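A.B. asks: The structure under discussion is supplied below as structure tokens; questions concerning it will follow.
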């Protein structure tokens, strides 16, 4: 009875409930990890952290898809888990250029003496280190897949009625807000995640592939981890002076603007800047028709 009522409820109600459900799963997982003494290990053991990324990614992805299936009465597969050769080429290209943008940014900041850095490229000669990097990269793909399924797949499925621009903006805001429990309430961090949410949302909008947006998103997180995260021995760069909030915002903006342009040139130049991928149009149109065709409950 409760599920039937939720199916007929306003999308805003379902969005609030799915976020509550999402965090319920997350905090249950963190609670178990805390009781098992694993929280401290995630702060010191990069391989263990990567393993937890995979586990929580799978749990949250499954939880969101089940919510979509039983509450929204949607087919989870139709949120589009496709990955074409075109997507492979695009992901390789944008990941490579993203790395180049970060390297250029570092070079510029080093030249103006605002930061100093030490490279640890000797780590790349170690097979154990390269194996760790490969494992961490895969782990990040699983780790962000749950964010893509929620913030792009599920949010878009419930927000498309407000228009494309509104959908991108609102989903971007929600994407930044769901990071508050883990990142804290910092305006600059919220803005950085909002900008990222716009770019990853646009990738999903134009390509129609959650796998593609997850790969690009995961690779960006992986890059920032191995290049700048000094909490673990996995980092390749040690900064003498940490990035300021403005530095982080500029780097995020430059990378995401490139993503938006590359996505449009690859997927949107033939059908317009805001036209969704064909299968997303069909998915959202079908959901509208199903809503109109549902029988009304008798009041007699």
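All positions are counted from 1 along the displayed chain.
Cβ from N, Cα, C; glycine included.
Curation does not apply to TrEMBL; its annotations are automatic.
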A.B. asks: Under TrEMBL, which of the candidate ranges 249-267, 268-286 is annotated transmembrane segment?
C.D. replies: 249-267
A.B. asks: With the transmembrane segment (128-146) as the reference, find which of 46-68, 88-108, 249-267 contributes the most Cβ pairs under 8 Å.
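C.D. replies: Stretch with the highest Cβ contact count: 46-68.
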A.B. asks: In terms of Cβ proximity under 8 Å, which residues at least six beyond the ends of the transmembrane segment (158-178) contact it?
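C.D. replies: 11, 14-15, 19, 22-23, 72, 147, 150-152, 189-191, 193-198, 200-202, 205, 274, 276, 284, 288.
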